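The structure under discussion appears below in the form of structure tokens.
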Amino acid sequence: MGYIGAHGVAALHRYKYSGVDHSYLAKYVLQPFWTRFVKVFPLWMPPNMITLMGFMFLVTSSLLGYIYSPQLDSPPPRWVHFAHGLLLFLYQTFDAVDGKQARRTNSSSPLGELFDHGCDALACAFEAMAFGSTAMCGRDTFWFWVISAIPFYGATWEHYFTNTLILPVINGPTEGLALIFVSHFFTAIVGAEWWAQQLGQSIPLFSWVPFVNEIQTSRAVLYMMIAFAVIPTVAFNVTNVYKVVRSRNGSMVLALAMLYPFVVLLGGVLIWDYLSPINLIATYPHLVVLGTGLAFGFLVGRMILAHLCDEPKGLKTNMCMSLLYLPFALANALTARLNAGVPLVDELWVLLGYCIFTVSLYLHFATSVIHEITEALGIYCFRITRKEA
């Protein structure tokens, strides 16, 4: 099955990336550092290799979290927190300089954008697992993934319509990641138990505030992120898309329909957890976040590809391929309600099947699209030289 049609191949040759970053932290602090840091890499180093190396830092971080806190509810050694912070900082740095390396080597391409943003989509899951071990979030780790996935999906959706990736003054890739790796370093000093305290104990400034002072610190951070980061960002995305759709006399309902695969994915997993007799997310947080994160990566990848290739036809239907496993999982969990709490198939095996399904689907998509784009543009994924005509 091919993912790119003849029209898409022609569109790839015309495509030009457009992005704007309004972050003051990036402009005055990080950009000068990144401009110098990119010179560490030799000119023969392909940008996609830098992207992949950065992504592997987060994979390593999540593995450390799993080894020392399998259910993300026990404190790992303090050096693990420091490692989480360092690996996230390196991921952010490598993710920022891959584009600079592409411009240095005159090797910018639509494949680079897809590869970069595709890794970023998966990074939401792997960093959520790493932070879950730092803050001992347990089942709340899934919600920390959700609050990173929603703005990412919203930004991708906005980019699809505006043709420009707009990062506001305070954004996730810059200030958000910086705040998280600082949190990792901070935890290496005070210990993971700090996050398990009530907010009034961990931050005495809030001790006088009724109700708020009794909330667990990690959960209070989750609520604050939703209120002050996720909701404003989503409102920003919707406003920008509405302006574009209105200027084109288009349908906002059809634009919003592109969000439903993600809503169904999120809702399906939550219903599965509700029906499951084993408290699914709390028992196997890594597997739930991994499987759902890969399904999310497929959704984002399909939307980015449709944008690059100007091929929106059938987009929503194709995106729903990542949802095909959920009806089976829900039906199996429902059998437990009808059979004295015992499902037809053990939930662990169903969850492992979910991860295998999403891994297979994503790998098929990624490898197929990389092959199709490299053939269409006459380039290599991990080499700077062009293919001979």
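Note that Cβ sites are derived from N, Cα and C of the backbone, with glycine treated the same way.
These come from Swiss-Prot:
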- 40-60: transmembrane segment (TRANSMEM)
- N48, R103: CDP-choline binding site (BINDING)
- D95, D98, D116: Mg(2+) 1 binding site (BINDING)
- D95, D116, D120: Mg(2+) 2 binding site (BINDING)
- E113: site 'Increases basicity of active site His' (SITE)
- H117: active site, proton acceptor (ACT_SITE)
- 141-161: transmembrane segment (TRANSMEM)
- 176-196: transmembrane segment (TRANSMEM)
- 221-241: transmembrane segment (TRANSMEM)
- 252-272: transmembrane segment (TRANSMEM)
- 280-300: transmembrane segment (TRANSMEM)
- 322-344: transmembrane segment (TRANSMEM)
- 350-370: transmembrane segment (TRANSMEM)
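On the structure: features taken from Swiss-Prot.
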{"residue": "N48", "record": "CDP-choline binding site", "Cβ contacts under 8 Å, 6 or more apart": "D98, L111, G112, F115, C381, F382"}
{"residue": "D95", "record": "Mg(2+) 1 binding site", "Cβ contacts under 8 Å, 6 or more apart": "T51, G54, D116, C119, D120, A123, P173"}
{"residue": "R103", "record": "CDP-choline binding site", "Cβ contacts under 8 Å, 6 or more apart": "none"}
{"residue": "E113", "record": "site 'Increases basicity of active site His'", "Cβ contacts under 8 Å, 6 or more apart": "Y17, I304, L308"}
{"residue": "H117", "record": "active site, proton acceptor", "Cβ contacts under 8 Å, 6 or more apart": "T156, V300, I304"}
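The transmembrane segment (350-370) makes no contact with the transmembrane segment (141-161): fewer than 3 of their CB pairs lie within 8 A, with pairs spaced 6 or more apart in sequence. Counted over residue pairs 6 or more apart, the CB atoms of the transmembrane segment (252-272) and the transmembrane segment (40-60) come under 8 Å in fewer than three pairs, which marks the two as apart.
Tertiary neighbourhood of the transmembrane segment (221-241): same-chain residues 135, 140, 143-144, 147, 150-151, 154-155, 157-158, 161-162, 166, 168, 170-172, 176, 195, 215, 252, 255, selected by CB-CB distance under 8 Å and a gap of 6+ residues from either end. Summary of the Mg(2+) 2 site environment: with the site residues D95, D116, D120 set aside, the chain residues having Cβ atoms within 8 Å of the Cβ mean position are T51, G54, F55, D98, H117, C119, A123, P173.
Counted over residue pairs separated by six or more positions, the transmembrane segment (280-300) shares at least 3 Cβ pairs under 8 angstroms with the transmembrane segment (141-161), which defines the two as touching. Tertiary neighbourhood of the transmembrane segment (40-60): same-chain residues 87-88, 90-95, 97-99, 101-102, 104-105, 107-108, 111-112, 115-116, 119, 122-123, 126-127, 130, 380-384, selected by CB-CB distance under 8 Å and a gap of 6+ residues from either end. Using a 10 Å radius centred on the Cβ of D98 (Mg(2+) 1 binding site) and all shown protein chains, the other Cβ atoms total 25. The secondary structure of N48 (CDP-choline binding site), as reduced to three states from DSSP, is helical.
There are 22 other Cβ atoms within 10 Å of the Cβ belonging to D120 (Mg(2+) 2 binding site).
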